[in-house]
Structure formats: C-alpha cells, structure tokens
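**Q** Got a structure here, written out as structure tokens. Questions coming.
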Amino acid sequence: MSDQLEASIKNILEQKTLKWIFVGGKGGVGKTTCSCSLAAQLSKVRERVLLISTDPAHNISDAFSQKFTKTPTLVEGFKNLFAMEIDSNPNGEGVEMGNIEEMLQNAAQNEGGSGGFSMGKDFLQSFAGGLPGIDEAMSFGEMIKLIDSLDFDVVVFDTAPTGHTLRLLQFPTLLEKVFTKILSLQGMFGPMMNQFGGMFGMGGGSMNEMIEKMTTTLESVKKMNAQFKDPNCTTFVCVCIAEFLSLYETERLIQELSKQGIDTHNIIVNQLLFPDTDANGTVSCRKCASRQAIQSKYLTDIDELYEDFHVVKLPLLEAEVRGGPAILQFSERMVDPEANKN
C-alpha cells in the first residue's frame, strides 16, 4: 500500500531519545543476529552503546567470536560498542504477579489488626520461600541501576525466548508494588525490617536505615518503570520467521507488550527464501519453491496485521553471520531494504 511504513530500522536509529531497546521473539528465529546487527548500526549514530544478553544460552559471544562476561567489554572492531552477558534467571522460575498482589492485599487488610504481626510473618515467609522469582527481580533491578550509572547512551537487550522475556519486563512493576506496600506497612513490619533488608540484599542496619535504603531503591524502581513504559525511552523489536507458530507467538508477544504499556513498532521477519530462477522464471529447487510459497502466505498475513509497523524482511543467507565484520555487513540489510533483493 502507498502509505506503508518504511521496511527498515531507520526510525529507531533516528529516535535519539531511546535508552532501552529489547529484541525478542520465539526461539530459533535469529534474535541474537538481529540484536547484534541493531547494536552495530546504533554504534554509528550514538556515542556509547551497550549490548546485553539476558538469554541463558548467551549467543552474543558466538556471534561476535569473542568471549563476553558480566562486565561491559569493548567489542573488537568497534570504538563505542560494548557487550556483556548476564544470567537473569538462575533458577529458571518466574514471578507470579497474581500471588504477589494477593499477599499485598492480605497484608493491607490485616494492617493494624490483632493478626497484623502474624500476617507480617506469613508475608515475609512467603517472600522468602514461596516466590522464587523475587531474587531474580531484585537482581534485574540492581542490574538496571548499575547500567544506568555507567552512562551508556542506549542499551540493547538480546533477550531469551518470549515467556522469559515477558516475566523480565514485569519486574519493575513487581518491585514497585512490593516496596510501596512494605513501606506503607512499616509500622506493622517494623520489628522485621532487618529481615526484609537481608532478604532484598540490603545488608544489616537499624530500622531507619532499612527504610531509607528501601525508599531509595523504590525511587530508582519507579524511574525504571516509568522509562520502560515511555515510548520515548523504550521500545521492543519483535523478531520472527514466516511460519505459523512464529507468527502466532509474535502476535501474543505484541498483545502482552501492549498490556504492559511497552512500545513496539518494529518487526523483523528473518530467514526468508528468495530462490534463484532460470531464464523462464522457474525455480529449480522444488523444496525451495514450496517453502517460499508458505513464507509468501504468512508474509501477506504480516503485512495485513501490522500495517502500522516497520516490517523488515531479511533473507536466509548461504553462510553464517559470525564476527564483527560479518555482523556489520548484515546490519546494512536492516537499514536498506534494497539490499535484501540481492
């Protein structure tokens, strides 16, 4: 259609206010190659770029043929692109927001009553043992605070498959609710503030010190939460392939991001086949022709479903994209749609 948005990531490169960019989708669609390529392009227009892998598989080391750790490391061949790998889900278990909200509601209902202290103990015990994802949420919060202090212009997240990523993006909201409620009930929890502080990795100290630390942390979390839900600061790039399951999961991802108030207006359709033809326009490889026909069907669906998105269509290449020069070359395809016709 004539008013179709440009099939490139130029809109992201031109939006200088962006601070956090998440790249995600179903497993096996090429998220890492796309996130590395996006970071490479951003390094051309921004002063300091950080690429973070939150995927337990940590494929960015393989993509750049360079070992990365938990410390930001300069990517070979670049002057301003750094990369790091973190384990954002050590236990493989997620936070149940419904359980959190139920406990907070119960604690509020019992505030000031005869069962207040008992409920406080139950609340603490539930956090200590019943929600294995709370330490993960705290680690993520501390990581964001640390990254924010390192003065990078923009941060690109190479995320794990969809379900894990959606939990990751819930953490700021989760932490804000938890700390707001704990501080509002500090009269009831006063005798146990040291235990709360230890549980949230804040060390020992007096009740006033614990309250001060929690208040400071809450302010940081509120800032993080506001930024994640601000389209001027944060966006999510969905990566998929032109197949039913991948398209289905992409739609689910976009719906969930919308519910969480997180902006997304870019989709990358990866691994597309453009088979060679003879002088008569016939494709010599029957399997290639069949696969192309399937992909063409889902590309039509994507164009109809996401007409208000920038949809980048990338080809399946003959060789792997590995190493800085190869990633930089591949990244040009995300900027120039004409390059994907070759």
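For all residues, glycine too, the Cβ spot is worked out from N, Cα and C.
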**Q** Can you find which of Asn266, Asn270, Asn280 Swiss-Prot lists as binding ATP at the same site as Lys26, Gly27, Gly28, Val29, Gly30, Lys31, Thr32, Thr33, Glu243?
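**A** The one candidate that Swiss-Prot places in that ATP site: Asn270.
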**Q** Of the recorded positions listed here (Asp55, Cys285, Cys288), which is spatially closest to Gly30 (ATP binding site) when Cα positions are compared?
**A** Asp55
**Q** Out of Asp55, Glu243, which of these recorded positions shows the lowest number of other CB atoms within 10 Å of its CB?
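**A** Relative to the other recorded positions in Asp55, Glu243, Glu243 has the fewest Cβ atoms within 10 Å.
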**Q** Using Cys285 (Zn(2+) binding site) as the reference point, find which of the recorded positions Lys26, Gly28, Thr32, Asp55 has the shortest Cα-to-Cα distance to it.
**A** Gly28
**Q** What does DSSP say about Lys26 (ATP binding site): helix, strand or coil?
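**A** DSSP assigns Lys26 (ATP binding site) to coil.
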**Q** Give me the CA-CA distance between Lys26 (ATP binding site) and Asp55 (active site), in Å, as a whole number.
**A** 12
**Q** Ranking the binding-site residues Gly28, Gly30 by other Cβ atoms within 10 Å, which is at the bottom?
**A** Gly28
